[in-house]
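Only one structure is covered here, and it is reproduced in the block below.
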Amino acid sequence: SCFGYPVSILFIVVNEFCERFSYYGMRAVLVLYFKYFLRWDDNLSTAIYHTFVALCYLTPILGAIIADSWLGKFKTIISLSIVYTVGQTVMSVSSISEITDRNQDGTPDNIAVHIALSMIGLILIALGTGGIKPCVSAFGGDQFNDDQEKQRSRFFSIFYLAINAGSLISTVVTPILRAQECGIHSKQQCYPLAFGVPAALMAVSLIVFVVGSGMYKKVQPQGNIMIQVCKCIGFAIKNRFRHRSKEYPKREHWLDWASEKYDKRLIVQTKMVLRVLFLYIPLPMFWALFDQQGSRWTLQATTMDGNFGAIQIQPDQMQTINPILIVIMVPVVDVLIYPLIQKCKINFTPLRKMTVGMFLAGLAFIAAALLQVQIDKTLPVFPTAGQAQIKVINLGTGNANITFLPDVTNFSVQPNGSVNYKTFETSQIESVIVNIGSENTSESITLTSSSRHTLTVKNTETGVAAVMLFDNVTEKPEEGKNLIRFINNLPQTINVTMGETDFGRLDFLSASNYNAFSGGGTENIVVITNATTCTTTSKALGFGGAYTIVVNQCSGTVTDLTYVEDIPPNTVHMAWQIPQYFILTCAEVVFSITGLEFSYSQAPSNMKSVLQAGWLLTVAVGNIIVLIVAGASKLSEQWAEYVLFAALLFAVCIIFAVMAYFYTYVDPHEIEAQLDEEEKKKQVKQDPDLYEKEAEAVSRM
């Protein structure tokens, strides 16, 4: 021992820190991996994410049964940690695009292989993290003797700190790793590194745990109480069905039908557990909202501006607000809020606290919906089926009058100016007439459905030139990047380089393809003509926009560029997500922590693990609810989905409040003491000399 603590707990705490780093680090970048690497849409990414989380909270029941009934906690942790490490490794391998990138363009050629590997990895991770979840903390508690209650209590505080530290650090670090560019043939978002570091930490976790093997106190499996409870319930239901005839007298409670096989203590304890589990029925709706921090709220952040001055925040890093606020709000609520409520003589019972927590979670989603409305106002409108959009850029020195036929839509464009995209039905436009001064030209047009086009016009010495360009961008740039292309407005051929990207040779009035650049920064632009080379620095273009840069002049050290905005950048700042995170964190403090406290206070001493399993099951069901609601709602607007979830939680909150009103608090210790007394009286009846024998045994001590 060291300072009164078993040395073995050091290995257990380090093991838990590494495991939580591994899990939360992988989970932080998971939904963006689905969206940007596997190329799934937002709905499918959200669905698979919540399926994975649900599985992670279903498997603890399996892990508890294996540990308590067969292998014991130590062997269960070792076995499932190996499965866990393999799963994390498979996830890292699945994100390496070069596995199937035969044409070396940086994107997988056979995405099905990567999807299959990803699903295998996630299933193994879910089995591993869920399977060891109920074992590690209990195994740590087993290391203490019965007279070390104080040390055991402090151990659980340190253990909880290790969980939060691993979660917080990994949620900061892995998005930074993901944002790095890596690759053999071309530079891409570095998902192999973002998944590889958590895999390495899980391997470290396993090694550390094995190193401490000789110091552990290993308790042999003694049977799982959950199995006994399930058997008791099953027998009661079966026995009641057998005796459904009216000739059999009714019993006070349907569980009393198990009395033929099971003792009174187990039946009474099971009744107490079922009363609490009944209150758990509405709780999954809270978790349905809470766990969307890692899916919908992260996706919401991808359409926002993450520029915090000297720091660029990644969308998946916004999740760190929750653990940071937890560290702040838990003591504030315990030391300040609850005592203040108590001084106001308000009976703020645990169930009332949980009701308030559910209400606050609903308010958090109302805040998210209001924010989404503001984001939607900044998003561009893209053409739908049967539509096309045309943008006009005037590269000349005179006003350009544009007329589209046979629709007869006309407008004017200033010199060196532009008119933003206008939407047309593809069947309405056949040609365009361009007038600049006394010169004009007419061009036939063929528009592609659901596409964008740019019409460049310019008055030249030989007349009016009009060139229709195809814009192959019909969605916002990914991950806050900017898309940039160049148009040559010089009479000679030029070559353009921006940063490390070569846009190639551009003839007069021709345009390059769009290329992606990291948002928020500046890049060096080099324009090479037959006569000279011009170098300049681009202006900062924000995040998530698309731009056309027109090269108007290159002579000596002078470079004249015109920036045309094709897709507006993200203008709503990520800081506006902080209020919804704050409200949801407050909801978690008064709901989750109170819920666990209430469950333990109402559970029999030997059945706390049953309620722990039930609590984890509510989290799993909550994630399944996200799949059902998001899939069945078919709402096209994201803000409407947020409102729907909030409305459902408000409705469930009312139901829970009614259930809580009729709930009667019990003292399990008092009930168990009564059972002990009854059992003793029963033994006295069987052996009248029992008290005398006990007194004699005491006198001899």
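From the backbone N, Cα and C atoms, a Cβ is placed for every residue, glycine too.
Please treat TrEMBL annotations as automatic predictions, because they have not gone through curation.
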When TrEMBL is consulted, the range among 2-19, 74-91, 218-235 described as transmembrane segment turns out to be 74-91
Ask   = Would you call the transmembrane segment (47-67) and the transmembrane segment (610-630) in contact, using three or more Cβ pairs under 8 Å, pairs 6 or more apart in sequence?
value = yes
Stretch contact, the transmembrane segment (324-341) with the transmembrane segment (578-598), Cβ-Cβ under 8 Å, 3+ pairs
yes
Per the Cβ under 8 Å criterion, with at least 6 residues separating them from its ends, the transmembrane segment (153-173) contacts 5, 9, 12-14, 16-22, 24-25, 28, 137, 140-141, 143-144, 197-198, 201, 316-317, 319-320, 323-324, 326-327
Near the transmembrane segment (610-630) in space but 6 or more residues beyond its ends, with Cβ under 8 Å, are 43, 46-47, 50-51, 53-58, 60-61, 64, 133-134, 225-226, 229, 273, 276-277, 280, 283-292, 295, 595-596, 599-600, 602-603, 641, 644-645, 648
Sequence-distant residues near the transmembrane segment (193-216) by C-beta distance (under 8 Å, 6 or more away from its ends) are 6-8, 10-12, 14-19, 21-23, 25-26, 29, 33, 74, 77-78, 81-82, 84-85, 88-89, 91-92, 94-95, 139, 143, 170, 173-175, 177-178, 180, 182
Highest Cβ pair tally under 8 Å against the transmembrane segment (578-598), stretches 74-91, 111-132, 272-290, 642-663, lands on 272-290
